[in-house]
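Notes for the one structure printed next.
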Amino acid sequence: MTDMNILDLFLKASLLVKLIMLILIGFSIASWAIIIQRTRILNAAAREAEAFEDKFWSGIELSRLYQESQGKRDNLTGSEQIFYSGFKEFVRLHRANSHAPEAVVEGASRAMRISMNRELENLETHIPFLGTVGSISPYIGLFGTVWGIMHAFIALGAVKQATLQMVAPGIAEALIATAIGLFAAIPAVMAYNRLNQRVNKLELNYDNFMEEFTAILHRQAFTVSESNKG
């Protein structure tokens, strides 16, 4: 027993316990791939949001900023995508010249809200999987452990004289399943909470930007309306 390592325990485990271990290892690999990918995407989203908002508040004209965004409209993300969607709808409704200022601003705000929801949906891709892994992996591992221990005691019942050396390898094989389940679950739960926290922070950032931009469009719409009346 002292010479056994984890690989030996895996190879000597029953077929079902081996299958459970492989499933949990697969969950762990998939979780780490998602953690790395989502972390990179959220880091990029935070940088892009900060860079665009710095540019937005630099005093640049909205029409010029819109033209710049229009030139790369297929690659827009985050705050810039929200801005582009809102200003595009604002310009379209304003040119129609058949809508009250309130309707123009409301239409632009609605377009920005839809765009923001799409951005958040993209940011949240695959994150729920981490929550699922964190929830079910310990139970899958526990099932493997229970099955392995049961299998070990059944085998033990077939011998006349039972000793600790006979049952210990079987129990150790079974407990490996629980260990792998925890190994898969703990990072997944921690990453799930952390990534959701970052998505919520970006959502608040987008929402604040949208409210501020809506206020600017509101002033602009009523200014143009008053000048047309005059």
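Just so it is clear, glycine is given a Cβ too, placed from its N, Cα and C backbone atoms.
For reference, Swiss-Prot has these:
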type: TOPO_DOM; residues: 1-15; note: topological domain 'Periplasmic'
type: TOPO_DOM; residues: 37-138; note: topological domain 'Cytoplasmic'
type: TOPO_DOM; residues: 160-170; note: topological domain 'Periplasmic'
type: TOPO_DOM; residues: 192-230; note: topological domain 'Cytoplasmic'
type: TRANSMEM; residues: 16-36; note: transmembrane segment
type: TRANSMEM; residues: 139-159; note: transmembrane segment
type: TRANSMEM; residues: 171-191; note: transmembrane segment
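Same-chain residues lying 6 or more positions outside the transmembrane segment (16-36) and placing a CB less than 8 Å from one of its CB atoms are 10, 126-127, 129-130, 133, 137, 140-141, 143-144, 147-148, 151, 173-174, 176-177, 180-181, 183-184, 187-188, 191, 195. Long-range neighbours of the topological domain 'Cytoplasmic' (192-230) within the same chain, counting only residues 6 or more positions beyond its ends whose Cβ lies under 8 Å from a Cβ of the stretch, are 35, 38-39, 42, 45-46, 49, 53, 56, 62, 78-79, 82-83, 86-87, 90, 94, 100-101, 104-105, 108-109, 112-113, 116, 119-120, 123-124, 127, 130-131, 134.
Residue counts for the topological domain 'Cytoplasmic' (37-138) by DSSP state, with H, G and I taken as helix and E and B as strand, are 86 helix, 0 strand, 16 coil. According to DSSP, the topological domain 'Cytoplasmic' (192-230) comprises 38 helix, 0 strand, 1 coil.
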